[in-house]
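Trainee: Would you mind keeping the following structure in view while I ask a few things?
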């Protein structure tokens, strides 16, 4: 009598147990897991059962669907964001997750299209829907004024996007920067003059002429000339322009931890300096910087005899 082989089918796993195991794996790997990881951990579960469990977790808003270089990733969803995306389809959740991962630097729609692999028309529709729900917002970037980046609605855009204190509605505030430049230099000049008037030895005078970036920042804040809140980093940017102009020099000293104005045990000090070489006469005269220099000649519409800039300079 021939031997009869009977194929033993594994018992059907409880769908709830499969879902719980997938969630446990996601907690073990916070950055996300692939379908291969789930398959390796649960080899007895058929592909159809895995797909049903994953789709159910996605529909309940317990998992995020991400796309990486290696394929799709499943990541445990933040409980705070789960309620926000309730009722959204998987494509909308994917776009939201991509924007969330971009942080406060935002992401262009072109990059969203690349990461999601969705048609541009579908992405535009999803973006409008998310904007109407006030889940995301579009922000113009100073790097490319005609392009918008998308970020979560409650985020404050990064300085690289807005340009920081030096930009207003994507326009560079040159006059504001110039005023800050003058006031910072004025403060350091005053500090240097006070040191010279002390009549102490040269080394003490030199050390007394230095001011920390925190002192300069405090002085500017007390003047009240800025409508926006300036950080020490903003003031150091202004001080750097004075260094490039040859008006200020900087030195770095060691400082005790916790000292006001110190960073990582170091402190930046600045002082006003006199130029080593005086500027040439041509640079000081209006002709050296005149925007219509090439059109200026005697007998012409623009000439030295009727130059308003030369008249003002001579009267000064």
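Quick reminder: no glycine exception, Cβ is built from N, Cα and C everywhere.
What Swiss-Prot lists as N-acetylalanine is 2, and the listing cites a large-scale study or a structure entry. What Swiss-Prot lists as SUMO2 cross-link is 5, 7, and the listing cites a large-scale study or a structure entry. The feature [4Fe-4S] cluster binding site is assigned by Swiss-Prot to 287, 290, 296, 307.
Surface or core, plus neighbours and distances: that's what I need for these features.
Mentor: The DSSP secondary structure for residue 287 ([4Fe-4S] cluster binding site) is helix.
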Trainee: Just to confirm: which same-chain residues, 6+ apart in sequence, have a Cβ under 8 Å from the Cβ of residue 287 ([4Fe-4S] cluster binding site)?
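Mentor: The answer is 293, 296, 310.
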Trainee: Counting only residues 6+ away in sequence within the same chain, which have a CB under 8 Å from the CB of residue 290 ([4Fe-4S] cluster binding site)?
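Mentor: Counting only residues 6 or more apart in sequence, the Cβ neighbours of residue 290 ([4Fe-4S] cluster binding site) under 8 Å are 296, 309.
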Trainee: Long-range same-chain neighbours of residue 307 ([4Fe-4S] cluster binding site), Cβ under 8 Å, sequence gap at least 6?
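Mentor: Spatial neighbours, sequence-distant, of residue 307 ([4Fe-4S] cluster binding site): 286, 296.
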